[in-house]
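Shown next, in structure tokens, is the structure this report addresses.
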Amino acid sequence: MQRGEIKNREAFLDKVAGQLGRNRRKDNVIRPKWKHQVQWKVLADLTENELVDVLEKQCEVIHTDFIRTTEKELDAKILQVLQAYGVKTALTSDDSRFSSFGLTNKYQDWKNSSDIDVFKWDIESPGQSRHLAEQADAGITFSDITLAESGTVVLFSSDGKGRSVSLLPSTYIAIIPKSSLVPRMSQAAREIHHQIESGGRISSCINFISGPSNSADIEMNLVVGVHGPIKAAYILVEDR
Amino acid sequence: MKVSIFITCLGDVFYVNAGKATVELLERYGCEVDFPETQTCCGQPAYNSGYHEKTKAAAKNMITAFEHSEYVVCPSGSCAYMFREYEELLQNEPDWKVKAAALKRKTYELTQFLTEILQIENTGAEFHAKATYHTSCHMTRLLGVKEAPLKLLSNVSGLEMVDLPNRHDCCGFGGTFSVKMPEISQQMVDEKALHIEETDADVLIGADGGCLMNIGGRLNRQKKPIKVMHIAEILNSRGDN
Amino acid sequence: MPLHVGEKAFKSRVEKGLGNEFMRGAVRSAQGRLQDSRSHAAEELGDWEEWRNLGQEIRQHTMENLDFYLQQLSEKVAERGGHVYFAETADDANHYISEVIEKKKARKIAKSKSMVTEEIALNDILEEQGCNVVETDLGEYILQIDDHDPPSHIVAPALHKNKEQIRDVFKEKLGYLHTEKPEELTLFAREQLRKEFLSAEVGITGCNFAVAESGTCALVTNEGNARMVSTLPKTQITVMGMERIVPTWEELDVLVSLLTRAAVGQKLTSYVTALTGPKEESEGDGPEEFHLVVVDNGRSKILGTEFQEALHCIRCAACINVCPVYRHIGGHAYGSIYPGPIGAVLTPLLAGYEDYKELPYASSLCGACTEVCPVKIPLHEYLIDHRRNIVEKENKSNLSEKLAMQGFHKLAGSAGLFNIATKMAPFLVTPFVRDGTISKGPGPLKAWTGARELPLPQKERFRDWFKHRTKGGQHIAKRGD
């Protein structure tokens with residue numbers, strides 16, 4: 001990728017430094033170890049199952065249906081959810097986990113039994129994929145990291161994992177491998193920080209999604225479903 | 001224990017009974033009370049209005065007045081807090097700054113002094129009424145005295161305390177704010193008066209002359225039959241009301 | 001002046017606010033709810049004070065090294081193929097953005113909520129240029145449809161409007177046919193705006209926090225419009241105030257955690273969207289071109305002054321939600337897109353005292369703002385600092401106040417004079433006493449007695465009583481009069 005342009009920087013930052021009463025600091029600024037480290041105390045001593053309970057409880061707060069299942073029953077549960085929401089077409093991201101969890105080979109059954117079409121984000125034809133996302137009733141993704149405290153699924157965008165899948169359809173379904181669960185945003189942020197520190201390239205879009213979209217802009221009345229999905233379901237799967 | 005009274009302007013001129021009750025309370029616990037006569041005003045009206053140069057004379061006068069005091073006790077959280085501002089106000093005058101720091105260390109609001117220094121939670125008071133308590137902003141938020149007055153009031157026999165809805169809201173006094181922005185101030189005190197009425201209390205208790213003058217003044221104007229009293233009067237009461 | 005909203009004179013704006021019963025009711029109930037959710041969220045999290053300390057510590061370090069972190073940020077954005085423009089003034093920023101749009105020959109612009117673009121009045125410039133700029137945050141959309149009514153709150157911009165008013169605006173301007181139910185109004189807006197998102201050529205967003213270490217811009221939202229704006233249009237322009245930056249993702253976590261709780265009592269908002277440069281070439285959606293505009297517009301002159309911590313603000317509006325003055329006069333009375341306590345602090349810093357010299361006085365200094373600020377900005381102390389500047393540096397206080405303070409200075413500085421004055425007080429007010437109270441005070445007392453009775457100064461002052469009593473050797477005091 002071609003490097004972008006930076007304009008007007010030196011004069012701007014010289015002025016900032018001048019106001020701060022010193023010369024420019026171009027390097028050697030060390031981020032201090034913060035005196036307060038309170039974020040690491042939150043939900044710190046919980047077992048994995050206790051974190052699941054926290055997540056489940058938080059789902060009530062964020063108007064999200066929560067379903068626990070096993071790897072074996074995952075496909076049946078997803079089908080139930082699709083049926084319950086009246087979904088006729090669903091779009092999934094292109095994520096190898098759909099096949100490793102044994103889902104891709106069930107799509108034909110779903111079509112036969114319930115007339116549900118499942119499409120996959122197509123890396124080769126992004127325009128069509130986006131169009132599918134506009135048309136689909138549901139978008140389905142796996143969660144990359146899941147935050148128990150806030151009921152959040154973290155999605156890292158990539159070629160196969162378009163931003164639109166979790167955004168444009170009116171229903172969003174996240175499959176949450178239990179192993180992706182961490183207490184809160186702190187752990188996810190630290191993981192991303194470490195990735196950056198070790199020279200990794202982070203995704204162009206990292207979404208932290210906590211339930212369906214909502215707004216309280218009219219008389220502070222909460223309305224669930226604004227521009228993004230109107231309904232959301234999390235399906236937690238025991239993967240170990 | 002020697003205690004000097006810092007009476008405040010409003011306490012000296014308007015709420016004399018609160019001052020008397022303060023003296024009596026302190027003496028009951030064996031304090032030797034004196035009143036440094038050269039004390040004036042803490043300077044807060046000028047300070048909060050931005051006239052910091054013009055506050056310095058008041059600050060220095062007060063520092064001198066209380067220089068030899070062991071403890072300074074004040075029946076107002078707001079005025080007591082003002083003493084804490086002196087150190088920064090006089091930061092460019094090292095001698096005064098040191099003295100200001102000393103004054104800060106020995107100054108207490110009345111209920112704070114009773115609970116923290118004298119370690120008293122029950123003043124043995126008796127007062128028969130249904131009452132509610134107004135938490136004044138400076139005492140609560142700036143001085144950090146939150147529990148002391150409520151604790152002391154909860155032990156007054158015969159006193160039924162009712163929670164004041166939205167008790168953390170300012171009454172709208174704000175010193176010069178009340179005369180500089182009278183329309184806004186009036187709306188604030190009206191809201192406060194409304195909440196006080198909602199409690200159905202006979203008595204409104206406060207620990208700051210400014211708030212009491214404001215709320216009392218509004219209640220009087222509205223001819224509401226709610227009595228406004230300083231907490232020192234309640235804590236010193238012996239059931240003769 | 002871009003910051004400015006509403007009528008010129010502070011007094012008439014306040015009158016208008018005080019007279020708007022609906023607005024006051026709406027603000028009162030909104031404040032109630034927001035205060036409850038905030039304190040509930042803080043309590044639930046636990047160690048709230050320690051969180052605030054951490055927030056403050058992070059903000060302090062970041063401001064002290066702002067040039068370093070902005071440099072790092074711009075490098076990282078450029079490495080990822082994004083363009084960065086440093087704009088010293090509102091005009092610079094608007095000019096750059098307008099040029100980018102011109103080059104793209106774009107006409108339809110979708111915007112998500114951004115205070116800084118309000119501050120620089122970007123929409124005006126783009127509309128002049130012939131662009132169709134669509135605000136996509138529900139609150140902002142309502143205001144835009146209603147002939148650009150200005151926002152009255154930094155988080156809930158249409159707080160001052162009721163649902164019936166919104167229904168009527170939709171009806172009149174957009175042919176809306178349904179009821180005033182928020183669900184129906186919202187669904188209608190969703191349908192209207194979905195078309196706009198799909199056809200917009202350029203998306204403009206604000207930036208809650210930029211992350212220096214990775215060149216990431218994080219958007220904290222609930223409605224999903226910012227995701228739309230950063231997913232569908234081919235070009236994305238993100239505008240940030242230069243102070244909205246954190247060193248690394250670890251600090252992003254802390255400040256987002258503070259922001260969502262302090263603003264709306266949520267553990268996280270529905271979406272926190274972290275964008276790093278344009279989409280990768282092989283990715284199917286996201287913008288192909290990404291521009292970051294870093295705006296100074298008066299912020300740098302706050303650095304290095306006693307007001308530096310005003311730049312710590314993370315725009316959560318917690319101070320606005322607890323402010324009793326805001327509750328009664330509403331957001332528009334502040335005459336600035338930044339209302340409430342932070343507005344009263346920030347606006348004069350950005351736009352000068354001349355037009356905003358009343359704002360620092362629109363506070364009873366109750367300190368509720370300072371108490372809730374998640375990054376511990378000493379808001380009410382800053383209001384006093386402003387007053388000091390107005391009085392002592394700018395010499396903008398009025399003559400009667402100056403005279404009064406001169407008098408006060410003399411009195412409070414002299415025990416003798418003070419003694420005489422307080423002794424005289426009961427006699428001075430005698431002509432105004434009726435039935436044991438003062439209902440119509442003279443001169444400066446008039447403002448007081450406009451709404452309240454003034455108690456009578458006591459003939460026996462405390463000091464007289466005390467003196468008497470020790471002189472008489474009485475150590476058991478009598479009950480007073």
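Cβ atoms are placed via backbone N, Cα and C, with glycine included.
According to TrEMBL, the feature domain '4Fe-4S ferredoxin-type' maps to C:303-334. What TrEMBL records for C:Cys313, C:Cys316, C:Cys319, C:Cys373 is [4Fe-4S] cluster 1 binding site. The feature [4Fe-4S] cluster 2 binding site is assigned by TrEMBL to C:Cys323, C:Cys366, C:Cys369.
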Summary of DSSP states over the domain '4Fe-4S ferredoxin-type' (C:303-334), given as helix, strand and coil counts: 20 helix, 0 strand, 12 coil
Length of the line joining the Cα atoms of C:Cys373 ([4Fe-4S] cluster 1 binding site) and C:Cys323 ([4Fe-4S] cluster 2 binding site), in Å: 12
Mean per-residue pLDDT computed across the domain '4Fe-4S ferredoxin-type' (C:303-334): 97
Nearest of the binding-site residues (C:Cys313, C:Cys316, C:Cys319) to C:Cys369 ([4Fe-4S] cluster 2 binding site), judged by Cα-Cα distance: C:Cys319
Chain-internal residues, separated by at least six, CB under 8 A from C:Cys366 ([4Fe-4S] cluster 2 binding site): C:Pro324, C:His380
Which of C:Cys316, C:Cys323, C:Cys369, all binding-site residues, has a Cβ with the fewest other Cβ atoms inside 10 Å: C:Cys316
Integer Cα-Cα distance in angstrom, C:Cys313 ([4Fe-4S] cluster 1 binding site) to C:Cys323 ([4Fe-4S] cluster 2 binding site): 16
Whole-number Å value for how far C:Cys316 ([4Fe-4S] cluster 1 binding site) lies from C:Cys323 ([4Fe-4S] cluster 2 binding site) (Cα to Cα): 13
Number of other Cβ atoms within 10 Å of the Cβ of C:Cys373 ([4Fe-4S] cluster 1 binding site) across all protein chains: 27
Fewest other C-beta atoms within 10 angstroms, as judged across C:Cys313, C:Cys319, which are the binding-site residues: C:Cys313
For C:Cys369 ([4Fe-4S] cluster 2 binding site), the three-state class that DSSP assigns: helix
Remaining residues near the recorded [4Fe-4S] cluster 1 site, that is with C-beta within 8 Å of the centroid of the site residues C:Cys313, C:Cys316, C:Cys319, C:Cys373: C:Ala262, C:Ile314, C:Arg315, C:Ala317, C:Ala318, C:Ile320, C:Pro341, C:Ile342, C:Cys369, C:Val372, C:Pro374, C:Val375, C:Ile377, C:Leu379
Proximity to chain B among binding-site residues C:Cys319, C:Cys323, C:Cys366, where any Cβ pair is under 8 Å: C:Cys366
